[in-house]
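What follows is a set of notes on a single structure, which appears directly below.
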Amino acid sequence: MMKLTKLFLATAISLGVSSAVLAADYDLKFGMNAGTSSNEYKAAEMFAKEVKEKSQGKIEISLYPSSQLGDDRAMLKQLKDGSLDFTFAESARFQLFYPEAAVFALPYVISNYNVAQKALFDTEFGKDLIKKMDKDLGVTLLSQAYNGTRQTTSNRAINSIADMKGLKLRVPNAATNLAYAKYVGASPTPMAFSEVYLALQTNAVDGQENPLAAVQAQKFYEVQKFLAMTNHILNDQLYLVSNETYKELPEDLQKVVKDAAENAAKYHTKLFVDGEKDLVTFFEKQGVKITHPDLVPFKESMKPYYAEFVKQTGQKGESALKQIEAINP
């Protein structure tokens, strides 16, 4: 939210208060679900620092991690209302408003981060989504970052898709994750994230799927000694700003914010890419066996789900899927 300080500055000076202790011209807020130990928070810190430095102190950004301001859906609404200035959201999260945006999270549709970038910025579907974010939702997309790829841990080795059969797999209560478990032959078991460790420890479930950073942060490797590199869903993270905030900034400060968001996204991406490489080694040292099953049967198993997605989303979903499949290697 903009904090107008120029009038306050003039008043304070007239009262003899030093301008050095006064607030910035623009006092802004950045809300996120991620906690303070996350890569997202580290990148947001870099963003806030660069904006302050490059704006010569005119813009001050305060960070609100750990869903202090609500979940991502609530924060997107706050951006539209102008009560929050910045937040993160995955491209697929916009299925809340446009069902066809779920294409970004369909298992095995986005094969790598380069494809994720092209899907958002180069396809007609992606370009149209960015326009709708602006026009309908009141948010401007500043940049996109890589946010990890989901893998599968379990209490038995997964050497092929056959080993998924009957596996009680914890997934979040999201259609695409549920579909991954179902169509590879596992038994999808949705439950709250906070309950997963105990469920794995007591064998109430046989496995779970998450990016490697989450597996480490939640210490799932303590109670799961097998990790299959299933690479089933790639996550991105969008840096978003409220239109109300962005349009009130003069052009030179808009550029400062845009450039800082792009730099932060590069750092954000590097944290995840480097982290994933290091984590494989870390898990091996913890006694976790890493397997690399043939992913062709996994991908083939998803075809009925793609047909279901097209049936649910109609021509828009079918077009989006075809456009992204056309840029996959």
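Keep in mind that glycine also has a Cβ here, set from the backbone N, Cα and C atoms.
The following features are taken from Swiss-Prot:
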SIGNAL    1-23  signal peptide
BINDING   ASN33, ASP72, GLU90, ARG150, ARG170, ASN210  N-acetyl-beta-neuraminate binding site
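The least crowded of the binding-site residues ASN33, ASN210, judged by other CB atoms within 10 A of its own CB, is ASN33. GLU90 (N-acetyl-beta-neuraminate binding site): 18 other CB atoms within 10 A of its CB, across all protein chains.
For ASP72 (N-acetyl-beta-neuraminate binding site), the same-chain residues 6+ apart in sequence whose C-beta sits under 8 angstroms from its C-beta are ASN33, THR87, PHE88, ALA89, ARG93. It is ARG150, among the binding-site residues ARG150, ARG170, whose Cβ has the fewest other Cβ atoms within 10 Å in the structure shown. The full span of the recorded N-acetyl-beta-neuraminate binding residues, ASN33, ASP72, GLU90, ARG150, ARG170, ASN210, taken as their largest Cα to Cα distance, is 22 Å.
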